[in-house]
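Trainee: Have a look at the structure that comes next, please.
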Amino acid sequence: MTDLTALSYTSEHEWIALDGDVATVGITDFAAEKLGDVVFVDLPAAGSAVTAGDVCGEIESTKSVGELYAPLDGTVVEVNDAVVDDPSLVNADPFGDGWLVKIRLDGDLPADLLDRAAYEDLTA
Amino acid sequence: MNLHNAKKTALPIMNLVKMQGVPILDQLHLEERLLRSDFKNWCILNVGTPQPTIVMGVSGKPSELVNIKSVIYNQVPVIRRFTGGGTVIVDKETIFVTLICSREAVPLLNLYPQPIMSWTGTLYHDALSDFGKFHLRENDYVFNNLKFGGNAQSITKNRWIHHTSFLWDYDVKNMDYLKHPPRSPKYRLERSHEEFLCKMKYFVPSKLIFIEKTLNSLQKHFVLRPIQADDINALNIPYAPSSRLLTKEELEKELLSTTA
């Protein structure tokens, strides 16, 4: 069971779990619920550079497609193939098997990331 | 209502573009430019597209959604558009209504799929409830339980688009180009296209009345400012749109993948 208090969050409803200089990134249960059934994910390729705040992919639900924003600067080191094959993992286990990408951090984490309490205030 | 009154009442302005018979691919390109590279609110109305055309959502797979052999044989264009949602076949009897809005355009509207869908449902309920039992059923516009409009969205950080293809009339034969999709709304109940869909012309007296009623409903939320389609090109909004026509080679490759 993921310790949600150990994660950082963005105002775009992404979560980050930092392990050394590699951040695992996904979207929160709040975002997954608001999107509805996720049917397709378009993720940045491994090896690609991403910039904090820029669009780096898309998530499609039944009727809508929404943007995925890079939460930090870095290089994608791994893409979750399981979620590409089965996008429903984003709804079923957004903090676990539904993770999206791993990014090697370039520099520091953005200063405007939220802790769990601040994220809960945002979504209250 | 004129612009002077708009300022007094504080309704936001929405640019209104009315088109007739513009090819659906051109319409989609225009829409994506306005969504991604402009900041104003827009309503795009297009009555008909010149030839029957299949339009899939952003992740649509022809092998799952389309009877590829007959599409290739009859040279039916297949487009992959930039928004989510399902597959439709549109033609000269389809009426397209598109709304492109900034975050602040509709007060208190959360930019997620369901709230946007619900808001458009109230808009079209206002326009169409005089003509039949209009509902937003799951994510479709229906009279009773018969669908007459396919819609789709794309949501960015500060803007959203919701576009609908309304089936004023259609050739039942064209529905044979479409497979029963792998994902269907529950209320469809395995019905065929003919049993699931209805033609708006049997409910609404004329296309003009539908358009007028829709614009009247929109005017409760926006001040509509007519813009000529030619004037949009003069706005010089550069953007490389992603909606595109699939090539014959791509379709043949998909067909081979299903028979391999």
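Each residue, glycine too, has its Cβ placed from N, Cα and C.
Just so you know, TrEMBL annotations are computer predictions that nobody has curated.
What TrEMBL shows for this protein is this:
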DOMAIN    A:22-104  domain 'Lipoyl-binding'
MOD_RES   A:Lys63  N6-lipoyllysine
Trainee: Counting across all protein chains shown, how many other Cβ atoms sit within 10 Å of the Cβ of A:Lys63 (N6-lipoyllysine)?
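Mentor: Taking all protein chains shown, A:Lys63 (N6-lipoyllysine) has 25 Cβ neighbours within 10 Å.
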Trainee: With DSSP helix as H/G/I and strand as E/B, how many residues of the domain 'Lipoyl-binding' (A:22-104) fall in helix, strand and coil?
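Mentor: Output for the domain 'Lipoyl-binding' (A:22-104) reads 16 helix, 36 strand, 31 coil.
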Trainee: So what pLDDT does the domain 'Lipoyl-binding' (A:22-104) average out to?
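Mentor: Average per-residue pLDDT within the domain 'Lipoyl-binding' (A:22-104): 96.
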